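I have placed the structure first, in the form of C-alpha cells, so that the comments after it can refer back to it.
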Amino acid sequence: MTSRKPLARYRRIVIKIGSALLVDRKAGLKKAWLDAMCADIAGLKAKGIDVLVVSSGAIALGRSVLDLPSGALKLEESQAAAAVGQIALARAWSESLSRDEIVAGQILLTLGDTEERRRYLNARATINQLLKIGAVPIINENDTVATSEIRYGDNDRLAARVATMTGADLLILLSDIDGLYTAPPHLDPNATFLETIAEITPDIEAMAGGAASELSRGGMRTKIDAGKIATTSGCAMIIASGKPDSPLSSIENGARSSWFAPSGTPVTARKIWIAGQLQPAGELHVDDGAVTALGAGKSLLPAGVRSVSGLFSRGDTVAIVGPEGREIARGLVSYDAEDARRIAGRKSAEIEAILGYAGRAAMVHRDDMVMSAQLRQKSERQKKDAAHA
C-alpha cells in the first residue's frame, strides 16, 4: 500500500469544498474563511503544486441572497438560486485569490462533459491550459441547467471525476466532519475513527451515513463513492474537516483526517481504461519512424501516419497499426476522421493551413495512448541496448 505523504509532495491536488463551509444560512458568504483558504492555496502553489477547486455553494449562496425559505427547494427554485449564487460565488473566489495575485478561472460542468469522450477531452484541455498559465480553476456543476436525470448529484463525485480527468494524485474533500468513522459519530458515541483506509470494501461502504445539512446534497455515502472513483484511478483521497480557518494548513500540522490509499498511478489507471474498455472506432496506419517514436514514449504526429481508416470523431479510440499490419498501440485521437485523412503524412506546422484552424500538434498524444505488449517489450530492449552501448 502507498504510504501517506505531506501535501507538498503531491503534484496536482483537487480540493472540494462543501456548501456549509462557504455559506452561513443567515449571514451568507463566510468571507474570512474563504480568504484563509485562498492563502492556503497560495502556499501550495508557491511550492509548485497545481491546485484545482471544486466549490459547492452556488445554490446555498443564491438561496441566501434571494431569502428563500428553509427546506427542500423545487427544481426551478434551486436553478434560479444557482443562477444568482454562481455569479456571487465566482466573484468571491476571484477577489480572495487575487489577494495573493492568483487568477481564478470559472468552469461549470454538466454530466456529459466528463462522460462523453469528445467533451471530456475538450474540458480537460481547457483545465490544463488554465493550470499551465498559473490560474486556479474554480469548478462547479452547472446547476442552472442540470436536472435530476442528468447531473452528478453532488460535488464529491464531480470532484473525483475532475481528479481522474486531470490526472491529479490527491483529492481532498473538506466537509463538516473530520473523516470516516465506523458509524455516524452523532448517532454512536462509541464509533471508531479510521485514519487510514487501504481499500474501500463493502464493510467500509456500510459505514457511510447521510447528509447532515440542508445546504449540502452530499454526505459520507457520496464521499465513499468519490473515493472509489478516485482511488481506482490512482488518486489518493483525504476526508478532513474544513471548519477551522486554514484547513489545508491544519491537515499539514497533523489535524485528524482519513486517508484513502490509491491503487496504481493516475497515468497507469487511465491507460488501462483506454486499452481495456474502449473499442477502436478506426485505425491509423503508421510508418517505421512512427513505430520507433512511439516505442521511445513520444506522441503520434501526423507526419508518421500513412493512411486512415474508419469513421470516428475527435476523442474516439483508434488502433495504431504498424507497417506489418499489427496493432502496436491504441489511443484517443485528436481529430475527426476526415481531418485526420487531410493531415496524414504532413508536418504539424502545416495543420492550420490545411484545416483552417490551429489543431493539436499530435494526432494521438502520448498521455492518451497505451502501447501493445509487443511494442513495450521492444522499447525496453532498446533502452537496455542503449544503456550497454
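Here the Cβ of each residue, glycine as well, is placed from N, Cα and C on the backbone.
According to Swiss-Prot, the features are:
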- K16, S175, D176: ATP binding site (BINDING)
- S56, D143, N155: substrate binding site (BINDING)
- 281-358: domain 'PUA' (DOMAIN)
Three-state secondary structure, N155 (substrate binding site) (per DSSP): helix
Candidate with the highest Cβ count within 10 Å, taken from the binding-site residues D143, D176: D143
N155 (substrate binding site) versus K16 (ATP binding site) - Cα distance in angstrom: 7
Integer Cα-Cα distance in angstrom, D143 (substrate binding site) to D176 (ATP binding site): 22
Pairwise Cα distance maximum in Å, substrate-binding residues per record: S56, D143, N155: 11
Structural state census, the domain 'PUA' (281-358) (DSSP three-state): 26 helix, 23 strand, 29 coil
S56 (substrate binding site) and D176 (ATP binding site), distance between Cα atoms, whole Å: 13
Nearest-integer angstrom distance between the alpha carbons (Cα) of S56 (substrate binding site) and S175 (ATP binding site): 11
Assigned element (helix, strand, coil) containing D176 (ATP binding site), judged by DSSP: coil
Segment confidence, the domain 'PUA' (281-358), expressed as mean pLDDT: 95
S175 (ATP binding site) and N155 (substrate binding site), Cα-Cα, nearest whole angstrom: 11
